[in-house]
Amino acid sequence: MAANMYRVGDYVYFENSSSNPYLVRRIEELNKTANGNVEAKVVCLFRRRDISSSLNSLADSNAREFEEESKQPTMTEQQRHQLKHRELFLSRQFESLPATHIRGKCSVTLLNETDILGQYLEKEDCFFYSLVFDPVQKTLLADQGEIRVGCKYQAEIPDRLAEGESDNRNQQKMEMKVWDPDNPLTDRQIDQFLVVARAVGTFARALDCSSSIRQPSLHMSAAAASRDITLFHAMDTLQRNGYDLAKAMSTLVPQGGPVLCRDEMEEWSASEAMLFEEALEKYGKDFNDIRQDFLPWKSLASIVQFYYMWKTTDRYIQQKRLKAAEADSKLKQVYIPTYTKPNPNQIISVGSKPGMNGAGFQKGLTCESCHTTQSAQWYAWGPPNMQCRLCASCWIYWKKYGGLKTPTQLEGAARSASEPHSRGHLSRPEAQSLSPYTTSASRAKLLAKNRQTFLLQTTRLTRLARRLCRDVLQPRRAARRPYAPINANAIKAECSIRLPKAAKAPLKIHPLARLPLAAIVKELAAQAPLKPKTPRGTKTPINRNQLSQSRGLAGLVGKRGYEGAGEGHRPPRVGASGLPFSANGRPLAAGLRAGPPPASKRQKLNPADAPNPVVFVATKDTRALRKALTHLELRRAARRPNLPLKVKPGLPLRPGGALAPSAPPHPASTSEPIVLED
C-alpha cells in the first residue's frame, strides 16, 4: 500500500513509450482535472542519453575532477559504464503528465564529495546529480545548492592564548568598532536622539520630490523614517562623534539640508517589486537566476536585502496565506495500482500462435547485454531490422537506467532509432554483411538500402596506437577478419600507459624507397599503351588469337567432356605428374572434377559492381605470369601491391605435355588490344 502511494516531492518513474527507458521526474503538484483524472506537475530530470555528445564530454571532465578531489577508489570499466547510467541532470523545466503513467519510485540525491560512487551501484533505483541542464540554452552548470563539507571549507582556529599573554595582532585590521556599550550616555538620552533622527528623516522625505510621490501621506513618510536604516545611521553618528549629542545633532542636519537615508524597500519601484514576486514564484530563492532573467540592472546584494525586507511586509503575509489555502485544496497524495499489462515488446514463445508479436525472430540469438541464452521472458530491443533482444533482467535494467549492463556498440544503435543524428558506427545489417558466414542471398537483403560513400580519417593518436599496441591490436588478424569487433577501449588504455615511455625513445621507422609518380606513370604507359579511341559507329577490333586460346571453358556450350569431343578438339593439358591442369594452369588435386564447370557457376562481370567505370582485361602475358606464380606468392602480392614482383621465367607447355624451349622475353607492348569498356 505504501509503495503505491505517491506524494508531492517524490522522485518517480514515468513511462511515455513502451520501448524507451522510463523518465525520472519529481512530483511538484497533484491536480485533479475536470473529468476526474489526476495530473502531476513534475520537474524534468535528464539522462546522459538525452544530452548532446559535447555536453557528455563536459560531464566526463567534471566527473574526473570530482574523482581526483574526493579520492574515489578505483573502479572497473564496467562499473564506470554503469555509473554513467546513475547520473542525472536537474533542470528548471516543468511539465504535466498523467498520474496513471507512474511506474514506481526512485531516489535522487545531490552528489557530495564525501560520497563514494560505488555505493550508488549497490542500491536499486538510486541516482545522483551534480550539474543542472538548461534545455533551451543547451548548457550544463554546477548546482548552486552544494553543501560544502570537507576540510578545505572549515575555519582554521588559532591556538588559545595562555593566561597573561597579550594578543600582538593588529585589531584595527581585523575588525572595526561600531558601538561602545560603555559610553557616557544614558538609555534615555540615546532614545531621545533616535526620536530626533526619525523626525529629521520624516522632514527630509517631505523635502524630497521622489519620496513625496512614493509616500504621499505623513504616516507613510513617518513609517519609512522609522525603519532600521535610520536607526543604524543615528547610532553610527553617535559613535563617530564620540557620543557628544551636540556634535551628533549638527551632523544629522548639515549645511545643505537634512540627511535622507533610504533602504532597498524605498529604492525599488512598484513594478520592480512585482517582477521580483513573479521571479520568486518561478525560481524560488535562486537569486542568481532571478537577477539574470528578471532584474539584470539590480545587484545581487540589493536583491538579497530586498528579499529579507519584503518578508517583513504585509504583502508577504497575504501571499503566504493564499498559498496555504491553495495547498489545502490540492491533493497531497495519490494511490496508483501496480501496472500489470504486458509490454508490446514482449516476444511470444515459439509455441504461440503465428502472427503474434515476436514472430520472425531468429533462433539462437543471445541477450545483447549479458549474452545469456536462457531467460523466462525475452523482449525486442532496438530497431526492428536488427532483430535484437534482451532477457528479463536486462530489460528491467534498460527501462530503469537507460542503458545496458555491459558496454556494447549496439547500445548506440538503439538510441539512433529515436535520434537519427547520432549515428557514428556500423549498423547491424552492415556488420552481418561483412561476415563470411552470411550467404549471398541474405547479404543482398541486408544491404538492400542505398549505399553511401563515407571517409574514415584517423587521428594522430590512433596512428600512434597502431604502432605502440601492435601486439594488442594484431592488425594482420584484424584485416583478415573485418567483421570481428575490436576492443577500442582496451587499446586506448594500453596506449595511454605506453605512450609516456615510448616518447623518450624515438620510434623505429623504416623508410621505403618509392618511385616518383612520373616514373610510375611512364612505366605503366610503356607496359600498356592505349589505342586511340574508336569513333562511334565502328566495330571494336577482336583479336583472333584470343578466340583460338583454350581457357578450360570449351565445354561451356556443349555438355560433353573431353572424352566425347571430336577430332578437331584439343585434349586437356597434362603436367609432369600426370595430373591434368585446371583453367588457371595448376594441376588438379585428386578427387576434383577436371571437366568444365557448369554454365550457372560461371562468374560474369557486372559493371555496376565495379568501383570505377573502367574494366581491365588481362592479356596473354598477364595470365601466363599468374600461372608462373605459386599460391604463396599470389597471396603475398595481393597483400602488398606496392612492392615490385620478382618472377622467374617459366617454361610453357606444348600440347603433348612436353616442355618447350624457353622463349625470348616478350616485349612490353603486345599485339593484343586492351579493351576499356566505359
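Numbering starts at 1 and runs along the chain as it is shown here.
Just so you know, glycine gets a Cβ as well, placed from its N, Cα and C.
Keep in mind the model is a prediction, meaning the values are calculated, not measured.
In TrEMBL, the annotation region 'Disordered' applies to 640-678, one of the ranges 16-54, 133-171, 328-366, 640-678. Across the domain 'BAH' (4-144), DSSP helix (H, G, I), strand (E, B) and coil residues number 38 helix, 60 strand, 43 coil. Note on the domain 'ELM2' (145-256): DSSP counts are 63 helix, 0 strand, 49 coil.
Looking only at the domain 'ELM2' (145-256), the predicted model's pLDDT averages out at 82.
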